[in-house]
Amino acid sequence: MALIMEPVSKWSPSQVVDWMKGLDDCLQQYIKNFEREKISGDQLLRITHQELEDLGVSRIGHQELILEAVDLLCALNYGLETENLKTLSHKLNASAKNLQNFITGRRRSGHYDGRTSRKLPNDFLTSVVDLIGAAKSLLAWLDRSPFAAVTDYSVTRNNVIQLCLELTTIVQQDCTVYETENKILHVCKTLSGVCDHIISLSSDPLVSQSAHLEVIQLANIKPSEGLGMYIKSTYDGLHVITGTTENSPADRCKKIHAGDEVIQVNHQTVVGWQLKNLVNALREDPSGVILTLKKRPQSMLTSAPALLKNMRWKPLALQPLIPRSPTSSVATPSSTISTPTKRDSSALQDLYIPPPPAEPYIPRDEKGNLPCEDLRGHMVGKPVHKGSESPNSFLDQEYRKRFNIVEEDTVLYCYEYEKGRSSSQGRRESTPTYGKLRPISMPVEYNWVGDYEDPNKMKRDSRRENSLLRYMSNEKIAQEEYMFQRNSKKDTGKKSKKKGDKSNSPTHYSLLPSLQMDALRQDIMGTPVPETTLYHTFQQSSLQHKSKKKNKGPIAGKSKRRISCKDLGRGDCEGWLWKKKDAKSYFSQKWKKYWFVLKDASLYWYINEEDEKAEGFISLPEFKIDRASECRKKYAFKACHPKIKSFYFAAEHLDDMNRWLNRINMLTAGYAERERIKQEQDYWSESDKEEADTPSTPKQDSPPPPYDTYPRPPSMSCASPYVEAKHSRLSSTETSQSQSSHEEFRQEVTGSSAVSPIRKTASQRRSWQDLIETPLTSSGLHYLQTLPLEDSVFSDSAAISPEHRRQSTLPTQKCHLQDHYGPYPLAESERMQVLNGNGGKPRSFTLPRDSGFNHCCLNAPVSACDPQDDVQPPEVEEEEEEEEEEGEAAGENIGEKSESREEKLGDSLQDLYRALEQASLSPLGEHRISTKMEYKLSFIKRCNDPVMNEKLHRLRILKSTLKAREGEVAIIDKVLDNPDLTSKEFQQWKQMYLDLFLDICQNTTSNDPLSISSEVDVITSSLAHTHSYIETHV
């Protein structure tokens, strides 16, 4: 180290001053004080808060900025030669065990009281901060090349981050000290296990090698060329190179690689500096620059190994076979990995990084204009990039006003490979890729050119932003479907077969070699690629507002489930697993065994290994994978999505479950962000042919079913921005959602041939998330469509006037559903009596538990029940008594109605059980105790008029609030009216009613919301800073 750079401890006061000039702007005011006191390098490394206070740095924030930069110098000065992944793991392991010992020692003391819920002591929080600091040092290594490209280390990094975030959440939870300590002990034991795993891999040279410094000189730099480096700066002042431009000075020297850390520029230490000051230092000498780089260990002892020599690697087909390190075989059983060669294909695909563009940054003249050649390119219509105007780039801030480039509006260029490219042409030297702009800030982990862009995809992308769910299951229609729907389904089935002919292979192209992607493109497109390279440009911000036309084509209609298990090939992980089925019947089997195949971040399941079609699949990057502790079945895990649904799986043994979780996390680590951008396939698809029964209430241990079967008119199928009908290719933007008209609704009701029966089936299915996110009516309450569509489909629209149809559930369709079903009985009671003059009675407007029971009672006279006549639970609280009074007031406005209800019971045991459940009776005929949800629904059932319901609801709120305030006033009057009040009595009263006293103080004093902050928020923000950075190109 002494031969390369002078140790920081040997710095003179002038060198300390020179280093401080590159720190944050707010610290420049203190340079004179440091210069006056002649602070040397050794004093700088040992400086404390008190010494900074003596130097005039009084603000805590400024002190922290200086100390953070000094910590980086300490790590450079003392830990460079000894710091490696193994020692960092030892430090984290020691911190975790120290925290465990601290908790154990506290419990052994005689003054320990674990039942209290007071805040944790400062020494406890200090140990937590030390633990997270040790974790950050380890993450700084795992988050960079070459460790970031190895799946085993990537999974370890994600686990450490998750545990640290969990630790920060635990210390700020409101629970007893004993419970908090137990949770922290569990996290510490898990962290120790992770560290032991890393330490056990001591045979891997990546674990035991230390970082080293290397001096690189770049000369003969043209003024218009630049250095050709992409530099990422973390929040605390570490500058990491993320890539180089091809044929640039940085690329030609063959010594600068992704993951290198810039330590010095022209022998001036820049650790802790601002990015703009680093850029100015690089531009200081136009003829050349001398860089001192800190290089991470590679797979060999040299600083430029073959596999990681440069980030523009050759395609995998041209690379020599290199023996894998033992780390990958530890976490991945060989029996579950596809092994066409001796190396792990999935790991090499994660390591593969395609060539970056040659000129992502075009220097402009002093006026900010592009060169003349580029202007000529614009004149002839060539796709010319705008340079490296990354939203994170400091260098481009002065030009942002001219081009208005923000993160959403960044123009991306995608290109297709030339036809008939041979293997020799795939090399970087012979095929320079000029004119391509890397996405935003060039993340080195992902393939930025490898995705096939279909021309029709541009039209489909506008839908993708607003419709999360693309549901494409080819489920069978229930036998209650009408004949014209069956006939239409046959025609649709023939078309779907033609569309699915070409979907016999997975359609994930990210992180694939260029030659393989070329072959896949030619196989799928079936048309010759033009001789010249094709360019497609699109803007991300315009995806939400562009095409609204219906898209057609073979790619748009294909389903990923139409691939046999044999054609899918050997997956990255496969085996038998249990899958939890949606509870469609009370007595149905909840779990079923399937053959699962994990392939390219997608999970397929088949009935057996020879099945010709997958029963379902999930695109895993869109789902969160975790243990399913809420299920009673052993070794269960789940794939959940907050907007779609959750899938539950279970393995036979604990090892199998861990193997599946590890493999899924490994494969989805590199896919997550990319799949979120390019997701043109479906998130999931599943066959429902074995479950055509009506749904029933699931057991207590199972989560709520993902959808219900309440029928609704077709116009409601796109009401939610998150749900789209099956096989529907119509746009789901806000504009198209609001364009439904009364004529279209009448046309759908009368059975127009243009309406797809599959869409009608999908319109009868609503997810629980859809129910939650259903827009409110003008009165603020949810009113759900509950009547079967069959009545409306076969009713004579001419015989019943639109005034007799039921009112709406959603604001955008209120007039349509009101015309279809008739008005409320409160406003149109006489007309309803004329309409039902044959002895029939108005419909019930309460929400049924199951629409399948309506099918059974389809031919029975439909009656309207008074909402007050439902079986009500006993009122045991004053709040329920208020509801009863309000319900009686509502009954006076509604008027007299018939109390009889005539329903024809179904023949099946299930329908009988559902009828008993609706009547709040047990199977033995005894009254069943109502649940909290039924208590809540009982109030909504009081009145069918939403306006009246809103008034009653508001009255109930006001009464409850008034009663609570009266009680508080009585408590306050008890103190104020006491003429003999003493200080002791007042202190006792204040302790007894502490919450009330704090409310009074809070209302009398104005609080600044910015002043309310938690101590642990600092810990969370410091951990989050590990991943916050800005990036530029020089």
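Counting begins at 1 with the first residue displayed.
Every residue, even glycine, has its Cβ placed from backbone N, Cα and C.
Annotated features, as they stand in Swiss-Prot:
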type	residues	note
DOMAIN	11-76	domain 'SAM'
MOD_RES	Ser12	phosphoserine
DOMAIN	84-178	domain 'CRIC'
DOMAIN	215-297	domain 'PDZ'
COMPBIAS	324-340	compositional bias 'Low complexity'
REGION	324-349	region 'Disordered'
DOMAIN	332-515	domain 'DUF1170'
MOD_RES	Ser338	phosphoserine
MOD_RES	Ser390	phosphoserine
REGION	480-510	region 'Disordered'
REGION	539-559	region 'Disordered'
COMPBIAS	545-559	compositional bias 'Basic residues'
DOMAIN	570-669	domain 'PH'
REGION	682-766	region 'Disordered'
MOD_RES	Tyr683	phosphotyrosine
COMPBIAS	683-693	compositional bias 'Acidic residues'
MOD_RES	Ser685	phosphoserine
MOD_RES	Ser687	phosphoserine
COMPBIAS	701-714	compositional bias 'Pro residues'
COMPBIAS	730-740	compositional bias 'Low complexity'
MOD_RES	Ser756	phosphoserine
MOD_RES	Ser767	phosphoserine
REGION	864-905	region 'Disordered'
COILED	875-904	coiled coil
COMPBIAS	875-889	compositional bias 'Acidic residues'
MOD_RES	Ser908	phosphoserine
Stretch-level contact, the domain 'PH' (570-669) and the domain 'SAM' (11-76), CB cutoff 8 A, at least 3 pairs: no
CB within-chain contacts under 8 A for Ser12 (phosphoserine), separation at least 6: Ser40, Gly41
Local confidence of the domain 'DUF1170' (332-515) - pLDDT mean: 39
Secondary structure composition of the domain 'CRIC' (84-178) [DSSP: H/G/I, E/B, coil]: 70 helix, 1 strand, 24 coil
Per-state residue totals over the domain 'PH' (570-669) - DSSP helix, strand, coil: 19 helix, 40 strand, 41 coil
DSSP-derived helix, strand and coil totals, residue by residue, for the domain 'SAM' (11-76): 49 helix, 0 strand, 17 coil
C-beta crowding around Ser908 (phosphoserine), within 10 angstroms: 14
DSSP-derived structure type at Ser908 (phosphoserine), helix or strand or else coil: coil
